[in-house]
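Novice: According to TrEMBL, the record shows the following:
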type	residues	note
REGION	9-130	region 'N-terminal hotdog fold'
DOMAIN	9-295	domain 'PKS/mFAS DH'
ACT_SITE	H41	active site, proton acceptor
REGION	155-295	region 'C-terminal hotdog fold'
ACT_SITE	D220	active site, proton donor
DOMAIN	751-826	domain 'Carrier'
Amino acid sequence: MSGQVGAGHPLLAAVLDHVDGDGVTLTGRLSLATHPWLADHAVHGAVLVPGTALVEMVLRAGQETGTPTIDELMLEAPLALPERDAVDVRVDVGEAEENGRRPVRVHSRDGEGEWLRHATGYLTAEVPKAPAAPEASDGTTDGATHLEIWPPAGAEQLDVAGAYDELADRGYAYGTAFQGLLAAWRRGAETYAEVALPAQTAQAAESDARTFGIHPALLDACWHALLLGDPEGSPMIPFAWTGVALQTEGVSHVRVRIAPAGPDTTAMTVVDQAGKPVASVAGLVARPVSAQQLSAAPRSLYRVTQTALPGAVDSIGDTDGWAVLGADVHDLGHRVYAEPGVVPDPVPRFVTYDCPAIDGTVPEAVRTATCDLLALLAGWLEEPRFAEAHLVLTVGEHLTQAPLAGLVRAAQAEHPGRITLVRTTGGSVNAGLLADAVTSGEPELTIADGEIRAPRLTRITDLEPSGESALVGPVLITGGTGGLGALVARHLAVRHGIREFVLLSRRGPQAPEAGRIQEELAQLGASAAIVACDAADRAELAEVLERHPVRSVVHAAGVVDNAVLTSLTPERVAAVLRPKVDAAWNLHELTAGHDLAAFVLFSSSAGILLGAGQSNYATANVFLDELAAHRRASGLPALSLAWGLWDEGSGMAGGLDEMGRQRMRRLGMPAMGTDEALALFDAALDAPDASLAPIRFDTAALRARGDELPTLLRSLVPARATARTAPGSGAPAEGDIAGRLAGMKPDDQDAFLFDLVSRHVAAVLGHGESQTFDGGRALRDMGFDSLAAVELRNGLGAVTGLALPATLVFDYPTIAEIVDHLGGLLVGRTADPTTEALAEVDRLAEALARTGADPAAVTARLESLLRNWREREGDAARDGQLDYEAATDDELFAVLDGELGD
């Protein structure tokens with residue numbers, strides 16, 4: 001694109017010439033704040049940008065290329081406007097074809113989401129033929145081609161006094177700006193109308209220096225008379241336009257003739273009050289639209305599909321040389337070791353571990369299996385001996401095993417390239433298939449029926465709306481007095497007509513919002529029993545269900561406790577699993593005797609991707625997905641929704657600060673608005689799937705991630721011609737940084753590495769690359785948390801090809817120290833002894849800040865260390881210093897805080 005200039009139009013702000021041709025792109029931004037009159041055009045409760053607005057924008061685009069007539073324009077998808085957010089629009093006009101026509105497309109996107117196509121067609125320079133003159137009742141033309149005679153002779157006047165009330169009953173919610181129909185007549189198959197912009201709308205249009213060719217509200221009202229007297233069927237919206245030409249601009253009061261032009265097609269002639277031509281439409285086709293078609297489903301609703309791999313890349317063909325941890329379930333027949341600690345040197349290139357099924361109740365077994373795998377992973381990832389080895393984890397399909405996939409995915413996100421997840425069905429797998437799967441370069445695979453498959457996220461395009469709500473009252477909602485639960489309750493009352501609710505929360509009526517929620521529901525004609533109940537407590541929940549029989553369940557409760565995998569404890573795991581796993585299983589078992597119409601589980605996208613720092617939460621949510629599949633297989637209703645971020649701030653976003661939200665936007669997952677999320681909720685209820693993923697993606701951000709993009713998302717952006725690297729291949733990092741450094745002087749090496757590290761720090765913090773940093777300032781003081789530390793380690797590891805420790809930022813807490821460490825690894829440079837000693841002191845300070853160590857014990861050890869140091873260095877070290885022998889505990893910790901960068 002080049003040569004941007006102003007468009008001079010109320011809907012379009014800029015015109016950009018195409019660099020590689022003579023096409024143009026016109027761009028704009030629409031919202032109810034900047035274009036409030038658009039709120040007056042709604043169908044089935046959804047605010048739609050009228051098709052006439054798309055026609056107006058395309059006509060304006062045609063003026064830029066000398067093709068001012070719309071030869072044809074097909075409207076493919078309604079353009080819905082959210083209540084609060086803005087929508088970006090673009091009109092692209094391509095190069096002229098041999099016949100002189102130019103292709104045109106109209107797209108939109110909300111915020112940072114994907115571009116969605118709404119219309120395609122062609123523009124032409126040819127002027128369409130004038131419509132035939134209308135016939136008089138005697139079969140001759142009356143000469144009123146331009147409607148100078150008004151009202152038309154022989155036409156019967158229609159009653160339009162209650163026209164817009166009638167249309168509202170049929171699903172058209174036309175507000176004042178679009179109520180332009182003043183009078184209407186019918187003569188045979190022809191309809192005539194007098195239409196004017198309402199005074200307020202006309203004044204706004206006339207006062208705007210950037211005038212319309214023909215105001216969309218005026219052109220839309222021109223065909224309202226055609227809708228009268230046809231109360232049957234769904235509302236109709238314009239679908240296809242042909243031969244659209246504009247003769248006079250800026251008119252606000254017109255006469256219209258609408259006549260048949262073919263099967264299901266009408267022609268329209270528009271003139272001003274003096275009969276002067278304003279616009280003509282050679283053909284207009286309308287089609288019915290349902291409420292479900294207006295949902296956000298085409299934009300942000302996905303399912304995980306399994307794609308068969310044609311063959312392995314660099315397949316080793318067998319598992320010779322592999323080692324096995326635990327039981328040799330897959331009969332690899334090689335070296336078997338009880339635990340990682342007894343694996344001898346040299347460590348094999350590949351080490352496998354099959355996650356076993358655990359006995360006990362389902363919640364207990366999931367909790368035990370999670371903690372067992374967590375301990376194994378922590379030991380593996382923190383052991384330097386295993387840095388070059390690749391861990392292969394196989395996970396079965398049992399309900400107590402399958403959720404471990406969430407934990408493994410989180411570990412992969414924190415430690416990319418070190419773990420492969422292989423999901424198995426039907427027990428053991430062939431060793432050759434396992435080898436082919438692992439060497440395929442895919443981080444996750446499924447082996448089933450002798451085939452290797454890789455998961456991909458694909459957009460839902462095949463929904464067939466049922467027209468009826470899947471939920472039936474009374475509806476039980478866990479987490480019902482706050483966050484998503486309360487939003488869903490209001491939505492079910494308004495859009496689904498639910499009149500009875502049982503809202504559960506730990507505090508029940510004492511919850512801060514309980515009274516307001518109950519009152520709001522009452523105003524909507526619904527009653528709500530708000531009950532204090534911990535759904536994870538089986539006895540409490542059983543008592544509630546005995547007192548309040550329900551027909552539908554929405555499990556929206558959950559707890560977030562973010563931390564990197566190696567920092568998690570069994571207690572932190574249990575605290576997050578309990579409200580998800582225990583509560584869902586209790587609901588599953590205790591509603592077995594109920595005639596349930598729906599069983600909806602609020603899961604999270606953390607379970608399927610981007611789960612770094614949320615391994616406990618990811619595991620809990622994958623359990624919900626697997627429980628839904630288990631129920632469906634048993635003939636029971638179930639739907640699990642792996643939600644992306646909500647603007648509302650609950651669920652996955654609940655533990656994120658602004659830095660965390662910036663990280664998610666940078667990774668291509670911005671938050672979705674409440675309106676969009678609830679529309680996705682409605683759309684998902686009509687899907688046949690047991691689990692779906694309502695997630696907003698920013699495809700530009702996804703594309704910018706290049707080879708770092710998770711393979712699960714590769715189907716959402718154009719394929720890149722890049723070669724895969726099999727795990728454990730030891731392929732060099734792109735750019736050969738070590739080679740570049742080898743030809744530099746030490747000072748230049750330091751400058752190069754400082755710039756490299758600074759750019760990665762800036763990216764993690766969401767700053768521009770030009771940001772400058774104090775190399776001696778602790779990264780923690782800049783806002784780094786454990787997730788930021790992981791992201792920096794991963795970024796530097798990817799660009800340098802080094803296997804950097806997860807504790808990089810804690811071991812080397814400043815940019816300068818990281819630079820010195822990288823210099824030693826990349827060019828074999830030996831650090832200055834003083835620098836190394838001070839780095840060790842910094843690491844000690846970082847460790848003390850992270851632990852809950854007894855201050856008295858630490859103080860005693862520090863005092864002993866100081867005494868030994870002084871005895872070695874003599875009394876000179878005391879000059880001007882605090883008397884540590886007599887210092888209090890607070891004084892010693894003040895020294896750590898002040899001098900060591902707490």
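Note that Cβ sites are derived from N, Cα and C of the backbone, with glycine treated the same way.
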Novice: In whole Å, note down how far the CA of D220 (active site, proton donor) lies from the CA of the residue listed as 'active site, proton acceptor'.
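Specialist: Counting only the Cα atoms, the answer is 10 Å.
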Novice: Pop the mean pLDDT for the domain 'Carrier' (751-826) in here, whole number is fine.
Specialist: 85
Novice: When a 10 Å sphere is centred on the Cβ of the residue listed as 'active site, proton donor', how many other Cβ atoms does it contain?
Specialist: 22
Novice: With every protein chain in view, how many other Cβ atoms are within 10 Å of the Cβ of the residue listed as 'active site, proton acceptor'?
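Specialist: Result for the residue listed as 'active site, proton acceptor': 24 other Cβ atoms within 10 Å.
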Novice: Which of the three DSSP-derived classes (helix, strand, coil) applies to D220 (active site, proton donor)?
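Specialist: Helix, per DSSP.
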Novice: In the domain 'Carrier' (751-826), how many residues does DSSP put in helix, strand and coil?
Specialist: 50 helix, 2 strand, 24 coil
Novice: What does DSSP assign H41 (active site, proton acceptor), in three states?
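Specialist: Once the DSSP labels are grouped into three classes, H41 (active site, proton acceptor) ends up as strand.
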